Amino acid sequence: MTAPLNHSAPITVEVALGDRGYDIVIGRDVLRSLGTRIAALRPGARTAIVTDRNVATCWLAQTQAALDDVGIVSMPIVVEGGEGSKSYAGLQQVCEALIAAKIERNDLVIALGGGVVGDLAGFAASIVRRGLDFVQVPTSLLAQVDSSVGGKTGINSPHGKNLVGAFHQPVLVIADTAVLDTLSPRQFRAGYAEVAKYGALGDEAFFAWLEANHAEIVRGGSAREHAIATSCRAKAAIVARDERETGERALLNLGHTFGHALEAATGFSERLFHGEGVAVGMVLAAQFSAERGMLSNDAAARLSHHLAEVGLPTRLQDIAGFAQEGLADADALMALMAQDKKVKRGRLTFILLEAIGRAVIAHDVEPEPVRDFLARKLADKT
């Protein structure tokens, strides 16, 4: 990826949760301030840095240096990269390492990595010694705009994604936009799907801005920081109103009911990154909304066109290996969606669209129209 165009002073977004509220600090090179911010937040604390091998190569030394500069002790806990670490075995590894390192309740866990590391480290922090505070240092675009904010932590089960976990808010989020320069184009695009999601579900003006500025976001600088800050503000506002996802927060799952099933169907593998699953899932949700008469075909096409223009998959046939390996059939995908966290009394709940910028929660969706819709999309050869 090319060098950033320009950059400005850090942006701070507040997650307003009373005495459990925290700041998201966004900007280029803000990782350098990690030590001073932690020292002010938790004087005398030791830290354990949970990261994966790939991130450790690029950013562990710099993170430890920022802590060393103010005399903060840090101990690295390195897991394998990829969704496979977000498992019972990965959780056991991190928990046992935290206990062995004698990390106490006045110390801090630092999650240095993408969504997998953040979810895993946050969940481990929530259960070791009945709760350790933790700091999110997200190193992927997806993690900076989504998974590091709002306190959802957890691991996957063989039955599905994110089925074991807890709500556990961080005490600080440091979103350094410079670290995104080390992402592959595919990783960056996958994170962009979550950025586009915020426009699609609740802010048409932001979506239009993304349509006009997505190339500048890729290049970096102030457009990238604006996109991240706008996304974080949108999520922070919803989390402040509905922390435990009893209502409005479910809107943030636009694209995720279909997307999570597709991730499970591809074995949580590199065939389909999470953000890519969300992209395909959002388009499917929009098309299903149009079939139900809720959304215009033009609006569904607008969403699909923008995601495709960025380089994201928008059709089931775009999933890597579809032609060679195929995908689960409609019945198998329905079975995977039946494990979705939004299912109530066995009935499916979908996040659908009435317009670009207006999502709604659709309860008690009949399964047969969904199964028929998926069967047609799987058979689509266009």
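Backbone N, Cα and C define each Cβ position, glycine as well.
DSSP assigns Asp119 (NAD(+) binding site) to a helical segment in the three-state reduction. Within the same chain, the residues at least 6 positions away from Asp119 (NAD(+) binding site) whose Cβ sits under 8 Å from its Cβ are Lys86, Ser147, Lys152, Thr153, Gly154, Ile155, Asn162, Gly165, listed in sequence order. Sequence annotations record features per position, and here Swiss-Prot assigns NAD(+) binding site to Gly115, Val116, Val117, Gly118, Asp119, Thr139, Ser140, Lys152, Lys161.
The number of other CB atoms found within 10 A of the CB of His274 (Zn(2+) binding site), across every protein chain shown, is 26. For Glu194, His256, His274, the entry in Swiss-Prot reads Zn(2+) binding site, with the evidence type sequence analysis.
Across the residues annotated as binding NAD(+) (Gly115, Val116, Val117, Gly118, Asp119, Thr139, Ser140, Lys152, Lys161), the widest Cα-Cα separation comes to 21 Å.
The Zn(2+) site is defined by Glu194, His256, His274, and by the 8 Å test on Cβ atoms against their centroid, the other residues of the chain that qualify are Leu142, Asp146, Ala193, Lys197, Gly255, Gly259, Gly275, Gly277, Val278, Gly281. Under DSSP, His274 (Zn(2+) binding site) is assigned to a helix (H, G or I) in the three-state scheme.
Nearest in space to His256 (Zn(2+) binding site), taking C-alpha to C-alpha distance over the binding-site residues Gly115, Val117, Ser140, Lys161, is Lys161.
If you take the Cα of Ser140 (NAD(+) binding site) and the Cα of Glu194 (Zn(2+) binding site), they are about 11 angstrom apart, rounded to a whole number. Cβ neighbours of Gly115 (NAD(+) binding site) (same chain, under 8 Å, six or more residues apart in sequence): Pro138, Ser140, Leu142, Ala143, Asp146, Ser147, Ser148, His274.
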